[in-house]
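> Below, the features straight out of Swiss-Prot:
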type     : residues    : note
SIGNAL   : 1-22        : signal peptide
DOMAIN   : 28-86       : domain 'TIL'
DISULFID : CYS28-CYS66 : disulfide bond
DISULFID : CYS37-CYS62 : disulfide bond
DISULFID : CYS41-CYS55 : disulfide bond
DISULFID : CYS46-CYS86 : disulfide bond
DISULFID : CYS68-CYS80 : disulfide bond
Amino acid sequence: MKFVFASFALFVIFLCFSQSLSQSYFRCRDNEVFDNCISNCGPPRCSNILNTYPCTNLGPLCTPGCKCKDGRVYDNQGRCVLQTECFQK
């Protein structure tokens, strides 16, 4: 029983440690947040938010990294802006 408990405790510690390492590896910019699973189809951008075609990327389903906060997309300069700002030019 002690072995099972010790194994479980080590597993939990490993999960916590690996999560903190992956978050510290990425330095997210203004209006970005870290996410463990970002779609490999690419982030939403001003240039593709109206695209109605589904992504057909056959690679891994997701990767860790930074993404725009809710309601924001990347503009042409790579900054996270509100979606409404995409159409103001």
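Positions of Cβ are set from backbone N, Cα and C atoms, glycine also.
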> With CYS68 (disulfide bond) as the reference Cα, tell me which of the disulfide-bonded residues CYS28, CYS37, CYS46, CYS86 is the closest one.
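That would be CYS28, nearest by Cα distance.
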> I need the nearest neighbour of CYS62 (disulfide bond) among the disulfide-bonded residues CYS41, CYS55, CYS86, using C-alpha distances.
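Considering only the listed disulfide-bonded residues, the nearest one is CYS41.
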> Among all the protein chains here, how many other CB atoms are within 10 A of the CB of CYS62 (disulfide bond)?
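Result for CYS62 (disulfide bond): 13 other Cβ atoms within 10 Å.
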> Which one is it: of the disulfide-bonded residues CYS28, CYS66, CYS86, whose Cα lies the shortest distance from the Cα of CYS41 (disulfide bond)?
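Considering only the listed disulfide-bonded residues, the nearest one is CYS66.
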> Helix, strand or coil: which one is CYS80 (disulfide bond) in, per DSSP?
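CYS80 (disulfide bond) sits in a strand per DSSP.
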> So for CYS46 (disulfide bond), how many other CB atoms are inside 10 Å of its CB?
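The answer is 16.
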